[in-house]
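This report concerns only the one structure given below.
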Amino acid sequence: MADHYETLGVSRDATQAEIKKAYLKLARKLHPDVNPEPEAAEQFKAVTEAYDTLSDPQRRQQYDHGGAGGMGGGGFGFGDIFDAFFGGGAGSRGPRSRAQRGQDALIRLDLTLDEVIFGTHKDVEVGTAERCEVCDGTCCAPGTSPRMCTDCNGAGEVRRQVRSVLGPVVTTAPCEVCQGYGDVIDQPCGDCHGQGRVRARTTIPVDIPAGVDSGMRLHMPGYGEAGPGGGPNGDLYLEIRVREHETFTREGDNLAALVEISMMDAVFGTSTTIPGLDGEIALDIPAGTQPGDLLRIPDRGITHLRSNKRGDLEVTLQVRIPTKLDARQKDLLREFQTLDGAQDPKLSTQKHGLFSRLRGKFGR
Ligand SMILES: [Zn+2]
Ligand SMILES: [Zn+2]
């Protein structure tokens, strides 16, 4: 730190009047309102600090003995103290950038159950902001460039000396002429109106993994809106909604379906196929199938989100009892009834059945 006497250009035994005169002379030359050079602002600060110390007899005496300037020899100037109190710390110094990160975007994506089984590819159309191709995000008309702001000399902020309870202090505030950018764009790009980005609709190819479920969000870094002033893109989030299927129900990675069979197929058993979400599914219905019996077909459910393992398909069998019988059918069944013997209704001790399973599935 320069010597305060040297800064003001006075001798070590200068009187208070001489010190004040020297300060006013320098301040008129260096004050930011009259001198836009950045070095001048620094000098002005140093001069003010020197004056603050030397114009106070007690602090001048301290300074003369300790050599260090300011309060208690800590080398603190008023400007620093003001900054420390009012948040104008060193971190906020300098012009701010026009380039800002773009917004994140959230898109809802409807999927069918078929698409979820193995995953799918979608071209998602989104309304977004893209970097302006005409100015490439610079915000300036082609062939032009920003000019340094003469009000703040490119610093993006202006310093003013104000009186406060602490004495004269230097404050900094964003330059109003350039809004703190430090430069001014006289000819903004006409295509983006000086924003460096334009509204656009674009198609984003998305690979949707198998096993996603409603409410999940896929995170696609860098696929959000382009930032203003050539700033980086935000992120894209795809919120998944899986539509209800007409016949298949999802239970985690398993699929569930209800299959209706005839009474005779339940009695004698049969082999058949049903159309699955991923092709035909063979069903072996054993003889003596009871209503509500469950067939588990392994590995025909949904592919797990984080592995290649698939869930199962659970087929609940419903037995259709014939309701429209002609005379001959009735005769045959009555004959069967006679051979089968008297079958009075009775309470069952068997817990395995449609109702006990439904109770287990949906809670008590
Ligand atoms: Zn542009
Ligand atoms: Zn400015």
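Yeah, the Cβs are placed from backbone N, Cα and C, and that goes for glycine too.
Feature annotations, courtesy of TrEMBL:
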- Cys132, Cys135, Cys189, Cys192: Zn(2+) 1 binding site (BINDING)
- Cys149, Cys152, Cys175, Cys178: Zn(2+) 2 binding site (BINDING)
- 3-67: domain 'J' (DOMAIN)
- 119-201: domain 'CR-type' (DOMAIN)
- 119-201: zinc finger (ZN_FING)
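Positions of the features from TrEMBL, shown on the structure.
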{"residue": "Cys132", "record": "Zn(2+) 1 binding site", "CB count, 10 Å": "25"}
{"residue": "Cys135", "record": "Zn(2+) 1 binding site", "CB count, 10 Å": "25"}
{"residue": "Cys149", "record": "Zn(2+) 2 binding site", "CB count, 10 Å": "22"}
{"residue": "Cys152", "record": "Zn(2+) 2 binding site", "CB count, 10 Å": "27"}
{"residue": "Cys175", "record": "Zn(2+) 2 binding site", "CB count, 10 Å": "21"}
{"residue": "Cys178", "record": "Zn(2+) 2 binding site", "CB count, 10 Å": "24"}
{"residue": "Cys189", "record": "Zn(2+) 1 binding site", "CB count, 10 Å": "22"}
{"residue": "Cys192", "record": "Zn(2+) 1 binding site", "CB count, 10 Å": "23"}
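Take the Cα of Cys189 (Zn(2+) 1 binding site) and measure to each of the binding-site residues Cys149, Cys152, Cys175: the nearest one is Cys149.
DSSP assigns Cys152 (Zn(2+) 2 binding site) to coil, not to a helix or a strand. Among the binding-site residues Cys149, Cys175, Cys189, Cys192, residues whose Cβ is positioned under 6 Å from ligand 2 are identified as Cys149, Cys175. With respect to ligand 1, the binding-site residues Cys132, Cys149, Cys152, Cys178, Cys189, Cys192 contribute Cys132, Cys189, Cys192 as residues with a C-beta closer than 6 angstroms to one of its atoms, given in sequence order. Using CA atoms as reference points, the binding-site residues Cys149, Cys152, Cys175, Cys178 were checked against Cys132 (Zn(2+) 1 binding site), and the closest is Cys178. Candidate binding-site residues: Cys149, Cys152, Cys175. Nearest to Cys192 (Zn(2+) 1 binding site) by Cα distance: Cys149. Neighbours of the Zn(2+) 2 site: apart from Cys149, Cys152, Cys175, Cys178, residues of the same chain with C-beta atoms within 8 angstroms of the site's C-beta centroid are Pro95, Thr150, Asp151, Asn153, Gly154, Ala155, Gly156, Glu157, Val158, Glu176, Val177, Gln179, Gly180, Tyr181, Gly182, Asp183, Val184.
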